[in-house]
Each structure stands twice: as structure tokens, then as C-alpha cells.
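*Asks:* First the structure, which I've put down as C-alpha cells, then a few questions once you've had a look.
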Amino acid sequence: MSAPALLNNAELRVVEQRFRDASPPLMERAGRASAVLAASIAGERGGPIVIVAGPGNNGGDAWVAAQHLAQSFHRVTVFDVMGTAPRASEAVAAKAAYGAGGGTVVREWPASVRPSLVIDGVLGIGSTRVPEGAIAAAIERINASGARVLALDIASGIDADTGVARGAAVRADDTLTFIAMKPGLFTGDGVEHSGVVHLDDLDLGAELGESRGMLLEWEAVRAWLEPRRANAHKGSHGTLGILGGAAGMTGAAILAGRAALRTGAGKVLVGLYDERAPAFDPEAPELMLRKPADVLDADALVAGPGSGSSPALATAIAFEKPIVLDADSLNDLAKNAAHRKPLKARKAATILTPHPGEAARLLNTDTKAIQADRIASALRMAEEFNAHVVLKGAGSIVAHPDGTYAINTTGNPGLASGGTGDALAGMIGAMLCQGLDAPRALAFAVCLHGAAADACVARGVGPVGLTASDVILEARALVNSEP
Ligand SMILES: NC(=O)C1=CN([C@@H]2O[C@H](COP(=O)(O)OP(=O)(O)OC[C@H]3O[C@@H](n4cnc5c(N)ncnc54)[C@H](OP(=O)(O)O)[C@@H]3O)[C@@H](O)[C@H]2O)[C@@H](O)CC1
Ligand SMILES: Nc1ncnc2c1ncn2[C@@H]1O[C@H](COP(=O)(O)OP(=O)(O)O)[C@@H](O)[C@H]1O
Ligand SMILES: [K+]
């Protein structure tokens with residue numbers, strides 16, 4: 001199973017140009033695919049369909065869908081938001097055919113219709129400004145309809161490149177996206193607004209070529225971790241060192257350690273900065289709790305969980321094998337410019353795991369600016385620190401110094417609780433120990449961590465009250481499960 005490619009607006013425009021004379025035209029294909037999916041959704045429930053058509057080519061798709069749905073005897077009402085003529089000739093033809101067949105067109109929200117399905121064809125990937133006037137009002141009406149909503153290409157009002165809702169934005173139950181997946185469907189506000197995403201590649205899939213972005217889906221990623229060999233021994237799966245756990249924060253380092261053990265690290269040494277730290281972890285006595293100087297005989301190092309103002313960062317930078325910098329080590333890196341040069345010069349891989357607040361400190365900006373373009377922010381950190389980076393939060397972005405990136409599709413708001421980030425850091429360390437290279441170890445762990453949270457929620461453990469410890473145990477079950 002290969003990972004779906006992500007194309008941004010500029011890349012899609014190139015495709016659109018390449019196939020502008022395609023037969024049948026792309027809009028005809030998109031509108032027909034929309035009608036097929038809409039019919040299958042509406043068919044489950046019966047009842048009328050309201051199609052909301054905007055002024056651009058997204059509206060064009062909606063007109064083509066309306067024509068096909070009406071021809072197949074669905075009860076259709078088109079709400080023509082701006083009342084202007086469609087730009088594309090195939091949309092003009094579809095609108096005419098729909099009208100000639102007696103199709104209903106209204107210029108106000110059809111309040112008397114109780115739709116079983118509303119199709120959102122107001123704005124697509126061409127929308128570049130805050131929705132206003134009749135467009136904004138139409139978006140609000142769609143959201144207030146109470147009906148199931150199918151968005152065409154992307155929920156209107158969501159930026160296809162960044163996932164940001166600029167103002168009013170449709171909340172879709174389903175989105176049928178065309179040609180390729182778009183980043184904005186899967187990160188930021190897009191996560192909340194897209195619903196279930198369906199892809200119709202308009203039969204171009206094989207012709208799209210390489211892209212800089214891809215989606216992380218557990219079913220594809222899980223195969224990266226080789227099954228255990230019958231002759232494996234504890235040395236086969238590496239030793240992870242962890243630096244953290246200053247006074248009052250020992251739990252953070254211990255959670256990272258438990259996560260690493262339970263997702264497959266051979267041995268885990270936890271170096272705690274708290275002088276009065278416990279001698280062992282009664283829940284995971286396999287963890288070797290030591291002084292920080294005594295955990296460096298390891299294959300990989302995680303630094304930062306609860307490390308406070310300790311020298312964890314400097315120790316990690318000097319470590320000659322792969323490192324994961326999390327939490328306090330990231331804050332230390334942001335504060336002390338002297339660390340940047342040696343970090344960038346490291347020969348072994350560096351992984352950074354900032355949440356948006358930490359990212360803002362690393363890039364000397366604010367959280368709002370980070371969230372306004374999560375992909376660009378993650379790529380900038382990857383470049384500036386010569387590191388593999390995960391920018392955490394809904395739709396985590398994994399970015400690499402070579403300019404490629406991925407968006408994670410797993411995880412849920414249950415993860416928004418203290419300690420889940422520590423668990424993630426430990427899982428990344430465990431994957432490094434088990435022989436995945438840094439980009440794969442990072443992407444695998446991010447996807448696993450979210451998939452474990454999803455599996456917890458699927459059995460009623462969370463989202464409310466989901467803990468990092470629940471996620472860790474579920475992650476163990478997942479790495480051992482069959483596809
Ligand atoms: N790529 C492809 O190959 C294919 C693309 N296809 C489809 O085309 C879609 C892209 O179409 P698109 O480029 O015409 O732009 P679209 O998203 O309809 O919206 C822009 C329009 O809205 C207007 N508008 C914007 N904001 C506004 C506001 N706040 N308030 C008021 N008006 C506002 C804006 O006006 P402007 O800002 O220019 O004044 C412009 O007129 C794409 O998502 C897919 O569905 C498919 O057919 C398959 C092949
Ligand atoms: N709404 C959400 N949807 C998906 N994942 C989330 C969401 N909120 C938080 N997460 C994930 O939870 C983890 C939180 O990490 P972090 O903020 O470092 O927490 P902590 O410092 O408490 O351990 C990250 O992996 C993040 O991606
Ligand atoms: K739309």
C-alpha cells in the first residue's frame with residue numbers, strides 16, 4: 001500500500017494546465033464523480049438534495065453534478081449563490097441542460113426544502129480571501145441546515161494549502177476531493193471541517209509524478225517495522241538513553257521510558273536530573289533509572305522530557321548517534337543561540353518534536369504565525385536546524401531538511417492531555433533503536449501514537465480522560481497486531 005501524495009495549489013494548477021484539453025474535461029469528470037458519491041449518500045436516506053453553487057469552478061463542478069443528479073431522478077434544488085454565469089464551458093452547458101430539464105434554481109437559501117444532503121460547491125482551491133457577503137452567508141446557511149454535508153474538493157472557506165479557516169467555513173461530513181489530496185484537508189482547521197475525505201483522481205493518478213508531500217496512514221506505515229526474528233536477543237533492538245526528569249518532573253522521563261520499552265526498545269536507560277529521584281519505577285521495573293552521565297552508552301538518545309534547566313541539550317548535541325530533542329531541550333535550544341551551530345553541524349540525525357508553542361519559540365515568532373502555515377513552519381525548522389521535525393497538534397506535520405514533508409492522519413483530541421508528548425518522544429527513540437532510519441522512525445512513531453489513541457477511543461477509552469499510559473499500552477498492541 002503506497003502513501004497518498006499531497007499536492008498544493010500551485011502544483012494542482014500545473015496539473016490543470018497539463019490536462020486542460022483532456023477528454024472528457026476534468027470538470028465533467030469531477031462533477032460526475034460528485035453525483036455518484038452524492039447519489040450513494042442520498043440513496044441511503046432518500047429525500048431532496050440542495051446543491052450550493054459558487055462563482056468559480058468549484059461552482060462549475062456543482063452545476064455538472066446537478067445535471068447528472070437531476071437526470072438520474074433525484075429531487076435537486078440548486079442555490080446559485082452569486083447568479084453569475086459559470087466560467088467553464090462545461091459548467092455553462094450543464095447549467096443549461098439542468099434548466100432545460102426543468103431543474104429548480106433559486107437565488108436565496110431554499111428554506112422550505114428539508115434536504116437529506118447539501119452539496120457544498122461554494123469555494124474550492126481557488127479561494128484566496130476571507131469569505132464575505134453572499135458567499136459567507138451561504139456558508140453559514142449550509143452549516144445551519146442540519147443536513148449531511150458533502151463538500152466538493154475542499155470545505156468552502158478552508159485554505160487548501162494550510163488548512164486555515166480564514167473566516168466562515170463549511171463543516172462537512174464528507175469531502176470528495178479531486179485529482180489529489182490537498183494538505184489543507186488534513187491539518188489545522190481542515191481536520192475539523194473536512195469530515196471523511198474521499199479521493200477521485202479523475203483518472204490522472206498515474207500521471208501526477210513525484211510530490212513533496214505525502215499522507216501518513218497507519219495501514220501503509222505499519223509495514224515499515226520488520227517482524228521480530230526467532231533468534232532475536234535484547235541486543236537486537238538497541239539501547240535507548242533518556243535525559244530528563246528534573247525535580248518535580250521525573251514522571252515525564254519515566255513516561256518516555258515506558259513508551260520506549262513497550263514499543264520495542266531492547267533496553268531503556270533513564271538518566272534523571274532530580275537528585276532525589278526514585279531508584280526504580282514500580283510499574284516498569286525493567287527501566288534502568290540512573291544518573292544522567294550513566295545513560296550515554298546507548299544507540300540513540302532522547303533529551304528533554306522534564307529536563308528543566310539541566311545541561312541535557314548540550315549533552316545530546318555532543319552525542320554521536322541519533323538524538324530526539326523534546327520539551328525543555330527545545331526551549332533551551334530556542335533560548336541559547338550558542339547551541340545552534342553545533343546542532344546544525346551534527347553528523348548523526350537530529351529529530352525535533354515541538355508543539356506549536358515550542359515551534360514559535362524556536363522560530364522567534366508567535367503560535368498564531370506557526371498555525372497560519374504549519375507546513376511552511378515545520379519545513380523552516382527542518383532547514384534551520386538541519387533536523388527531522390514533527391510539528392505536533394491536530395494533523396501533525398513531519399518535515400525534513402530536503403524539503404519533503406508528510407501529514408499524519410491518525411490521532412484525536414484525546415491526545416490533548418499532559419504526558420502524551422513524552423510518550424511520543426519515547427516511541428521515536430524506540431523506533432530508532434529498532435533500526436528505522438530517522439525520517440522513518442519519526443513518521444512511524446507519530447502515526448503509531450495517533451493510531452493508538454484512535455484505537456483507545458474506538459473502544460470507549462477516551463477522548464475524555466485518555467491518558468498517555470493508555471496510549472502506550474494500546475501502541476504496544478498495535479505494533480504486535482496483524483494488518
Ligand atoms: N484544478 C483542476 O484541475 C480542477 C478544478 N476543479 C474545480 O475548480 C476549483 C477551483 O476553481 P477556481 O479556481 O475557479 O476557484 P474557486 O475555488 O471556485 O473559488 C474562487 C471564486 O470564488 C470567488 N471568491 C473567492 N473568495 C470570495 C469571497 N470571499 N467573497 C466572494 N467571492 C469570493 C473568487 O473571486 P475573486 O476572489 O477572484 O474575486 C472566484 O471567482 C477546484 O477546487 C475544483 O472544485 C475541477 O473542475 C476539476 C479540475
Ligand atoms: N486535537 C488533537 N488531535 C490530534 N493529536 C493531538 C491533538 N492535540 C494534541 N495532540 C497530540 O498530543 C501530543 C501532545 O504533545 P505535547 O503538547 O508535547 O504534550 P505534553 O507536553 O503534555 O506531553 C502530540 O503528539 C500532539 O500531536
Ligand atoms: K467546496
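Backbone N, Cα and C atoms are what each Cβ position is placed from, and that goes for glycine too.
Per TrEMBL, the feature (6S)-NADPHX binding site maps to 57-61, 124-130, D153, A252, G306, H355, D422. Per TrEMBL, K(+) binding site is recorded for N58, D120, S156. Taken from TrEMBL, the feature AMP binding site applies to K392, G393, A394, G395, S396, G421. Per TrEMBL, the feature domain 'YjeF N-terminal' maps to 7-210. Per TrEMBL, the feature domain 'YjeF C-terminal' maps to 217-482.
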*Asks:* Looking only at DSSP and grouping its letters into three states, which state does D120 (K(+) binding site) belong to?
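*Replies:* Its secondary structure by DSSP: strand.
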*Asks:* Cβ under 6 Å from ligand 1: which of the binding-site residues D120, D153, K392, A394, G395, G421 qualify?
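*Replies:* From D120, D153, K392, A394, G395, G421, counting a Cβ under 6 Å from ligand 1 as near, the near ones are D153.
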*Asks:* Radius 10 Å, atoms counted are CB only; among the binding-site residues G60, G393, G395, G421, which position scores highest?
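*Replies:* Sorting the candidates by Cβ neighbours within 10 Å, the top entry is G60.
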*Asks:* By a simple count, how many Cβ atoms lie within 10 Å of the Cβ of D120 (K(+) binding site), its own Cβ left out?
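*Replies:* A count of 31.
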*Asks:* From the binding-site residues I125, T128, K392, G421, pick the residue whose C-alpha lies nearest to the C-alpha of N58 (K(+) binding site).
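*Replies:* So, of the listed binding-site residues, the one sitting closest to N58 (K(+) binding site) is I125.
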*Asks:* Restricting to the same chain and to sequence separations of six or more, state which residues have a Cβ under 8 Å from that of A394 (AMP binding site).
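*Replies:* Non-local contacts for A394 (AMP binding site): T187, G188, V191, E192, G411, P413.
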*Asks:* Nearest to T128 ((6S)-NADPHX binding site) in three-dimensional space, by Cα, is which of the binding-site residues K392, G393, G395, S396, G421?
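*Replies:* Nearest listed residue in space: G395.
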*Asks:* I'd like to know which of these binding-site residues, N57, N58, T128, S156, S396, is least surrounded, judged by other CB atoms within 10 A.
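*Replies:* Least crowded of the binding-site residues N57, N58, T128, S156, S396, by Cβ count within 10 Å, is T128.
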*Asks:* Using a 6 Å cut-off on Cβ distance, which of the binding-site residues N57, I125, A394, S396, G421 come close to any atom of ligand 2?
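*Replies:* Near ligand 2, sequence order: A394, S396, G421.
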*Asks:* Which binding-site residues from the set N58, G393, G421 come near ligand 3, judged by a Cβ under 6 Å from any of its atoms?
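*Replies:* Checking each Cβ against ligand 3, the ones under 6 Å are N58.
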*Asks:* What other residues of the same chain, not counting K392, G393, A394, G395, S396, G421, have a CB atom within 8 A of the CB centroid of the AMP site?
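*Replies:* For the AMP site, the extra neighbours are H355, P356, V390, L391, I397, N408, G411, L415.
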*Asks:* Around the Cβ of I125 ((6S)-NADPHX binding site), how many other Cβ atoms lie within 10 Å? Please give the count over every shown protein chain.
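*Replies:* Excluding its own Cβ, the number within 10 Å is 25.
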